[in-house]
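Undergrad: Please see the structure below; I have some questions.
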Amino acid sequence: MATKFPKFSQALASDPTTRRIWYGIATAHDFESHDGMTEENLYQKIFASHFGHLAIIFLWTSGNLFHVAWQGNFEQWVANPLKTKPLAHAIWDPHFGQAALKAFTRGDTVANISYSGVYHWWYTIGIRNNVELYTGALGLLVLSAVFLLAGWLHIQPKFKPSLSWFKNNESRLNHHLAGLFGVSSLAWTGHLVHVAIPASRGQHVGWDNFIMTPPHPAGLQPFFTGNWSVYAQSPDSMQHVFGTSQGAGTAILTFLGGFHPQTQSLWLTDMAHHHLAIAVIFIVAGHMYRTNFGIGHNLKTILEAHRPPSGRLGKGHIGIYQTLTNSLHFQLGLALASLSVVTSLVAQHMYAMPPYAYMAFDYVTQSALYTHHQYIAGLLIVGAFAHGAIFFIRDYDPEQNQDNVLARMLAHKEAVISHLSWVSLFLGFHTLGLYVHNDVVVAFGNPEKQILIEPIFAQWIQATSGKMLYGFQVLLSSSTSNASVAAQQLWLPGWLEAVNNESNSLFLTIGPGDFLVHHAIALGLHTTTLILVKGALDARGSKLMPDKKDFGYSFPCDGPGRGGTCDISAWDAFYLAMFWMLNTIGWVTFYWHWKHLSLWQGNVAQFNESSTYLMGWLRDYLWLNSSPLINGYNPYGMNSLAVWSWMFLFAHLVWATGFMFLISWRGYWQELIETLAWAHERTPLANLIRWKDKPVALSIVQARLVGLVHFTVGYILTYAAFVIASTAGKFS
C-alpha cells in the first residue's frame, strides 16, 4: 500500500480528516518535528537543501539572461540606453489583437518591459551583446546543475558532514569571511578592472583576449614595487563619454567621489577600489579565528571576556557560546535580522547612489527596486523575531544561561516592553495630533494655521555631510573645517557636487512634510518592534500564562480557565506584527515615491505643501496618481496602462479575500463545509467524485495564515501595480 502524505509524520498520515493535508504542508519544513529526526540528520538535511536553493537561484538568473538574449532588445538598448525601453521577454497570448499591440508596446510585438534594472547592470559590468548573455545563461545553467549534484552528494552516507563539522564555529567563520566575502569581492574587483572598466572606455575584453589585455598601461610593476598610487593617476575626465575612449583615462582604482556626469552612476573605478578594500579586510578577517594551528582568536574566550567589571551585566556572555552553537533558530534569527538591514540599505543606496549606468534616468525601475527591497527587508525582519521566539520556546536552557545577558534580558522584559509601548504611544498621539490639526485647519480654509516644524537636527546632519542649502557651515559644508581641508584633494569635490546637485536623489532637501512623515514611520517601526519584541520575550511565559513554552509556538487559545489566553502565543505576535510591518512599509514607500515624483516632475512644491495634512496625502498622492490607473481601460478603448489597471483591480480582490478568513470563525466554515459535502454527495455526476478524508474547517491559526497571506500578497501587488503604472504613465 502506498504511504500517505506526509511521510515524515506517522500520526498525521493516519489522520482521517483533511487536517492531514493542511498540517502536512504546514510542518513540511519543520524538520525538528519529523519522525525519527536526529540532531545530526537535521543539520545534514538543511545543509543539502542550501545547495538546492542555490541551484534554483542560478536557474532563475540563467532564465533572465536567456529570455532577454532571445526575446529582449539588449543590443538596441545598448546603442541608445536613454531612449529605448528594455524588454524582459515576449508574451504569447491570443487575446492580444492589433489594438492591444499598439496600446502596450507601440511596436509590432507584445512584450514585457523590464523594470528590474538588469539591463543597466549588464551594461555597466561590460556586457554588450546577446552572445555574451547566452554565454552567461549557459554558464549559470551548468553551475545550477553542479549545485544540484552537490546537494545530492551531501545526503549520500559517504559524503554527509558530521555534527562536529557543522558546529566548528571558528572554521566556518574563517571560510565564510575569507572565502564567501573576501575572495568573491576580490573576484568582482578583478571583473570590474579587467572587463567592466575597459568596456566603459570602449575597449572590448572577452574570453578571447582577456589574458593578453593588461587593464593598466603600467601592468603589475607598480603593484610589486609598492607604487600603488600609479593606479589612481589619470582617471576618466568629467567629459568622458561612457562606453567610448572619448575623455577616458587609465586609472583603475580611484577615490573620486560623486557621480559620472553622463551616466549619473558611481564611478566604476571608485567601485573597483571599494570592492578591493572589502576583499582585503575580509580576507584578513578570515584568518583571525583559531582552528588547527593553535593561533588566533577563540570565540568562546572572546565572548566570555565580555563581562563589565561594574557587574551590571551579571555573568555577561558566559553560556552564550554554547547556546548559539546549539540553536539553529538563534543563528537563523541573527542571519535574517542582518540580511534585513542589508536589504533595506540596498533599497536606500540603489537610488541615492546608483551604481549602474543610466539607471538614475529610469524612474520606474528606481521606484520598483526601492519598493521591492523595502518589502523584502520587512518580511525578513519579522522572520528574524519569529525565529527568536521559537529559540526561546525550543532551544533556550535556563540552567546554561543563569544570570547572563540573555537571562537578564528576560528578567527585565517588562521594562523593555513598557518603554517601547510608551514611545509608540507618544509618537502615535503626537504625530496623528499634528496631522489631524493641520487637516482640520486646511479643511476650514486656514492653511496658515498649520503647525509646521522644520527638521533642523536632520538638516544639520545633512549639512555635516556637505549640503550647503541650509547655511549651517559645519564640517563638510564649511570649506575651512578640518574635515573639508583633509579630503579636498581626494573625494570631496565630486561628493560636494553630487550632494548639492538638486537633480539627483542624494540628500534630498527636507522640510515640515518630511518631519511629519518621518515620525509617522517612526511610529510604525516602534509599534512593529514592540509587538515582535513582546512576542519573543513573552514566548516562554508571562504573568497570565507562566507555562506558555509547554504549548509550543503557535497555540490558538488555552480556554477561559486562566482568564482567556487567546491571541498571546508567539505566533499571534508574528501575525499582528505582519500587519504593522506592511502598514509601515506602505508609509515608507508612499513617502519615497511621492517625494520623488514631485522631484522628477520639477514640482517639489506639491509634496512640500500637500504632505503636511492627511487629505493632501489622500488627494494629491493616492487619488491623483491612481486615476490614470483606473482609466487604463474604459469604454473608449485601452492604453498602455491597461494591464496594470487589471492587476490593480485583481490585487485588490486578493487583498479583500483575506478578510473572509480573518473575520470569521471555525464554526461557520465547518457548517458550510458539511452542507456543501451533503449537497455534493446527493448531486448526480458530481457524486461520482469521492474523497477519503473527512472535510474539516481550517484551524484558527491556519485560517489566520491563509487570511494573512491573501492580505499580504494583495497589499503588495496592489501597490506594485500602482507604483509602476503611475510612474510609467508620467515618464514613458
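Any Cβ shown, glycine's included, is placed from N, Cα and C.
What you see is a predicted model, and the numbers here were worked out from it, not measured in a lab.
What Swiss-Prot lists as [4Fe-4S] cluster binding site is C557, C566. Per Swiss-Prot, the feature chlorophyll a B1 binding site maps to H652; the stated evidence is sequence analysis. If you look up Swiss-Prot, you'll see M660, Y668 marked as chlorophyll a B3 binding site. The phylloquinone binding site feature in Swiss-Prot is assigned to W669. Look at Swiss-Prot and you will find 46-69, 133-156, 173-197, 271-289, 328-351, 367-393, 415-437, 515-533, 573-594, 641-663, 705-725 tagged as transmembrane segment, backed by sequence analysis.
Help me see these features in their spatial surroundings.
TA: C557 ([4Fe-4S] cluster binding site): 15 other CB atoms within 10 A of its CB, across all protein chains. Mapped onto three states, the DSSP output places C557 ([4Fe-4S] cluster binding site) in coil.
According to its DSSP assignment, H652 (chlorophyll a B1 binding site) is helical. Neighbour density for H652 (chlorophyll a B1 binding site): within 10 A of its CB lie 15 other CB atoms from the protein chains shown.
According to DSSP, M660 (chlorophyll a B3 binding site) is assigned to a helical segment. Remark: M660 (chlorophyll a B3 binding site) has G707 as non-local neighbours, by Cβ distance under 8 Å and separation of at least 6 in sequence.
The Cβ of W669 (phylloquinone binding site) lies under 8 Å from the Cβ of A697, L698, A703, each of which sits 6+ residues away along the same chain.
If one looks beyond the transmembrane segment (46-69) by at least 6 residues along the same chain, the residues whose Cβ comes under 8 Å of a Cβ in the stretch are 31, 87-89, 114, 118-119, 130-131, 133-134, 136-138, 140-141, 143-145, 147-148, 150-152, 154-155, 161, 166, 328.
The list of residues near the transmembrane segment (133-156) in space but at least 6 beyond its ends in sequence, with Cβ under 8 angstroms from a Cβ of it, reads 44-45, 47-52, 54-56, 58-59, 61-63, 65-66, 68-69, 74, 122, 127, 207.
Here the transmembrane segment (367-393) has long-range neighbours at 115-117, 327, 329-330, 332-337, 339-341, 343-344, 346-348, 350-351, 410, 528, 532-533, 535-537, 539-540, 549, 552-553, 570-571, 573-574, 577-578, 581-582, 584-585, 588-589, 592-593, 596, 716, 719-720, 723-724, 727, meaning same-chain residues at least 6 beyond its ends whose C-beta is under 8 angstroms from one of its own.
Nonlocal intrachain contacts for the transmembrane segment (415-437), taken as residues 6+ away from its ends with a CB within less than 8 angstroms of a stretch CB, comprise 409, 450-451, 453, 516, 519-520, 522-523, 526-527, 529-530, 533-534, 537-538, 612-614.
Counting residues 6+ beyond its ends, the transmembrane segment (573-594) has Cβ neighbours under 8 Å at 367, 370-371, 374-375, 377-379, 381-382, 385-386, 389, 514, 517, 520-521, 524-525, 527-528, 531-532, 534-536, 538, 567, 607, 611, 617, 620-622, 704-705, 708, 711-712, 715-716, 719, 723, 726-727 in the same chain.
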Undergrad: State the Cα to Cα distance, in Å, between H652 (chlorophyll a B1 binding site) and Y668 (chlorophyll a B3 binding site), rounded to an integer.
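TA: H652 (chlorophyll a B1 binding site) to Y668 (chlorophyll a B3 binding site), Cα-Cα distance: 24 Å.
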Undergrad: Given the cut-off of 8 Å on Cβ pairs that are 6 or more apart in sequence, determine whether the transmembrane segment (271-289) and the transmembrane segment (515-533) share at least 3 such pairs.
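TA: Since fewer than 3 Cβ pairs under 8 Å link them, the transmembrane segment (271-289) and the transmembrane segment (515-533) do not come into contact.
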Undergrad: So which of 173-197, 515-533, 705-725 is most in touch with the transmembrane segment (641-663), counting Cβ pairs under 8 Å?
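TA: Against the transmembrane segment (641-663), the leading stretch is 705-725.
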Undergrad: Among all protein chains shown, how many Cβ atoms are found within 10 Å of the Cβ of C566 ([4Fe-4S] cluster binding site), not counting that one?
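TA: Within a 10 Å radius of the Cβ of C566 ([4Fe-4S] cluster binding site) lie 13 other Cβ atoms.
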Undergrad: At the level of the C-alpha atoms, what whole-angstrom distance separates C557 ([4Fe-4S] cluster binding site) and Y668 (chlorophyll a B3 binding site)?
TA: 18
Undergrad: Short question: which residues 6 or more past the ends of the transmembrane segment (173-197) have a Cβ under 8 Å from it?
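TA: Answer is 124-126, 205, 210, 213, 215, 252-253, 268-269, 271-272, 275-276, 278-283, 285-289, 291, 299.
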Undergrad: Taking 10 A as the limit, how many CB atoms besides its own sit near the CB of Y668 (chlorophyll a B3 binding site)?
TA: 10
Undergrad: Between the Cα atoms of Y668 (chlorophyll a B3 binding site) and C566 ([4Fe-4S] cluster binding site), find the distance and write it as a whole number of Å.
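TA: Here the two Cα atoms are 19 Å apart.
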Undergrad: Looking only at DSSP and grouping its letters into three states, which state does C566 ([4Fe-4S] cluster binding site) belong to?
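TA: Where C566 ([4Fe-4S] cluster binding site) sits, the three-state DSSP reduction gives coil.
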